[in-house]
Protein chains: 4
Amino acid sequence: MKHGYPVIASDVFPESCKELRELGAQILDSPADVADKADRIVTMLPSSPNVIDVYTGPNGILKRVKKGSLLIDSSTIDPAVSKEMAVAAEKRGAVFMDAPVSGGVGAATSGKLTFMVGGPEEEFNAAKELLSCMGANVVYCGQVGTGQAAKICNNMLLAIGMIGTAETMNLGIRLGLDPKLLAKILNMSSGRCWSSDTYNPVPGVMEGVPSANNYQGGFGTTLMAKDLGLAQNTATNTKTPVPLGSLAHQIYRMMCARGYASKDFSSVFQFLREEEGQ
Amino acid sequence: MKHGYPVIASDVFPESCKELRELGAQILDSPADVADKADRIVTMLPSSPNVIDVYTGPNGILKRVKKGSLLIDSSTIDPAVSKEMAVAAEKRGAVFMDAPVSGGVGAATSGKLTFMVGGPEEEFNAAKELLSCMGANVVYCGQVGTGQAAKICNNMLLAIGMIGTAETMNLGIRLGLDPKLLAKILNMSSGRCWSSDTYNPVPGVMEGVPSANNYQGGFGTTLMAKDLGLAQNTATNTKTPVPLGSLAHQIYRMMCARGYASKDFSSVFQFLREEEGQ
Amino acid sequence: MKHGYPVIASDVFPESCKELRELGAQILDSPADVADKADRIVTMLPSSPNVIDVYTGPNGILKRVKKGSLLIDSSTIDPAVSKEMAVAAEKRGAVFMDAPVSGGVGAATSGKLTFMVGGPEEEFNAAKELLSCMGANVVYCGQVGTGQAAKICNNMLLAIGMIGTAETMNLGIRLGLDPKLLAKILNMSSGRCWSSDTYNPVPGVMEGVPSANNYQGGFGTTLMAKDLGLAQNTATNTKTPVPLGSLAHQIYRMMCARGYASKDFSSVFQFLREEEGQ
Amino acid sequence: MKHGYPVIASDVFPESCKELRELGAQILDSPADVADKADRIVTMLPSSPNVIDVYTGPNGILKRVKKGSLLIDSSTIDPAVSKEMAVAAEKRGAVFMDAPVSGGVGAATSGKLTFMVGGPEEEFNAAKELLSCMGANVVYCGQVGTGQAAKICNNMLLAIGMIGTAETMNLGIRLGLDPKLLAKILNMSSGRCWSSDTYNPVPGVMEGVPSANNYQGGFGTTLMAKDLGLAQNTATNTKTPVPLGSLAHQIYRMMCARGYASKDFSSVFQFLREEEGQ
């Protein structure tokens, strides 16, 4: 809306659209209703079954989609489901692209999200025009499903880097190193990674990150566990060995079972650090 | 020598000193002989038993060390051994500092190594003066042993990042992503790490790295396995959980057993990537 | 046939039925043809897509199944697919049960397989009558899908025990223990497991097992990797942490990539044991 | 004493000898004092430094040991320390054997412990005569240190089997299987292990085990973590890959950090089983 586009929206929880309505958006009852009025549609949903329902369900977009519509799904889901949706959309004369997003709530508010886009290359510019309103980076990844693949790959490596940073900082502290100094050394050396230099999990090392705020906000452990489950599924299906990715998945799964589900995923430092007897 | 210092050296394999002698260095028979003539000594040795021998053995430095000498050990060894050497040196009136180094053969030749230094803070400037001749970065880490701790921590996180990058690149390729594009996406996102942006393990993604040269040169898998063994030992001794570091150790150990011992440690990509039936 | 039943069979590779035909079985062209003539049908197929095709495909059993037929699937597949097949069969008035089997080629020939059966309890006796011709043990596990669950659980624990035994025997040998003696000690102590006392992976410890025959025969690494993939999928879907099961999956996946695909799964001992430099 | 031997004892905590004194034992001040009076000595201590102190410390056994004495250490420690003690004892004309023990408090009280003995074969009968008073099984393992090796190997495989059983039972329960039935199926199949058939970690499956008593008693998580640390150290030193053993170590280390230190090691079932949101 800030970029001058009229917005027509729908959500299974209508109350979540209240603020949007007050800003001037039109709120409709169902995805099918939106498809009836708009020919460029962006969806963002929690998991594969929701996407299947919103596109192919009884009140789904494809029930009333207009020929030539551009459908962009920014959910993080199994790439195989993205491919199925693309096939179903094509049968109705529409184009489906997957465009999952990375960056947290802060990036969303300030329009600095990164979109990773999969789908027909000739439609990429149209998608980019829309997505650029919300994200600083819009990257073309290849055929439909590759946006998901890129997102899943990034988050798997992110989880590995975060747990690795947490282990490493914890070990260094136990060996007598000052945490700020250790972070500085890692960041000028080959141990450097996003989790060490931008989102350090140790309280007191950086400001403005969840570790400075008791692991509130940020990217929840449950969401990370979900993305790692997607990575594991795609790895199993393609017979790809991912030993660290797989163990990272298990660690975040254990954290969910031990009370860390809603904390930021950098709380793995806290999960690992307590000493015996405390 | 480029910085104007006279050099007196010794090595258990005298032939390795040949080039140095031709450049004007004085080559002596034993560490004790060197200690007799020099009061600032730098050692670099493969493992803890060698360090113990070179300092406290029958022809060791401490047999003839001068009071007030500064002894700097740039080996990567167990921090507990560094502490033992410091105690033994102190009894002889000398100062021992640990100063392990990171950066490969290229960095050594061009004087761009990083030294991580542990020992009495009041001696750090003297150490730095010497080490600056060889390294671009000389970082004070704290009491004796913390140089080792920093080095071990860095390399553990490096190994985790490298294996994670290899798994992730392999998975992305199997999911249809172009490797160069995937590296670019990771490097602008939260998956970014030194192994993805500076030392990418996938042939064809970067130039001038071991993956572009059939994994020749660089930092050998055996050496990485050794450093991860040190990390594991210190973690076990301090009761610190290091699940990914521990699995990384096991993977490099398996690679050593499967013929990768002398390849660069980024060859883990090759180790993981082959498909069944090939 | 040994038990006096007439046999009507079909296979996508007709040549594999040749021996059966010579023994007097009737061989038909498709699963649908079999369903037309028989009302008790046992299927055994490599993976979920094959099962879906044989039951619900254009020439599938359900196209011509008779009301009241008992359909028993002895494939090892995802329990969720078993449940789908049961729903589809019920719509046609037939009963579907899952009855995966454990025990290798030897057990199959001598009629000593174990069947784990899921489905309506009132049909179990009918299923047991048939399956007892082929297996020494026929166990009722609960509702449809629980046969698969039991099989997957057993094989996950089997894989963990086998890799654990291989690691342990290798470590003990390196520490100077005689392998036969170590096996004896484990088997009288709390380390005892099926892989140590019945199927020891170390050549020379037992006779009549694959390790005594260069890991020929037995249960192939590829098949174990497949079953561990199923275990991983069900664990991910039910949000169950399975850290060792997950790592076992990754190890068998790596073995497949390193040339062990067709060897018995106890060859993990060989995979782990080689020393550096050999 | 039940077997008619006079007992002379010493402990760093004299109060722990009170019961023994009342039964008629002679209690002395130090290990050296005991060595002065007895020529067959059995020690059992928590860790390597204690053993070094009790044998070679200022009031240690070797200060006053009689020539020809038989010294049996039933501690679980690093085999390398056992070898050092044997060398030190030999210099004093005594024989040192390592004889760690397995079996819990119950087995100790009822004399059903298993001793694994390393040392000179010609001394084994003398050791066996003594140890048979306390243990049902006394097994000769080979040269000094192999008793430790056998103990460490057994406990590593035990830990792997226990965690594997816990994961498997948890997964099966989530997939709809009755825990008692699943245990029965595993125990008649290839998933069978000591942890599934003798010490099942799921409450309600067996009686008389720690899982039936809120994980009280039995073998504590801290002790298991210690033994796994020894296994890890010996594996690292011998360059032996132990991927599952290593992960088992990390899991027990994490459990110690999360409040499970003093529970029986079968409580890993409880550690893994909780669901998100509970």
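We count from 1, first residue shown onward.
Even glycines carry a Cβ here, placed using N, Cα and C.
Heads up, TrEMBL stuff is auto-annotated, nobody curated it.
Marked as active site by TrEMBL: B:K151. Under DSSP, B:K151 (active site) is assigned to a helix (H, G or I) in the three-state scheme.
As annotated by TrEMBL, domain '6-phosphogluconate dehydrogenase NADP-binding' applies to B:2-142. Averaged over the domain '6-phosphogluconate dehydrogenase NADP-binding' (B:2-142), the predicted model has a pLDDT of 92.
If you look up TrEMBL, you'll see B:145-271 marked as domain '3-hydroxyisobutyrate dehydrogenase-like NAD-binding'.
When other Cβ atoms within 10 Å of the Cβ of B:K151 (active site) are tallied across all protein chains shown, the result is 31. Across the domain '6-phosphogluconate dehydrogenase NADP-binding' (B:2-142), DSSP classifies residues as 58 helix, 32 strand, 51 coil.
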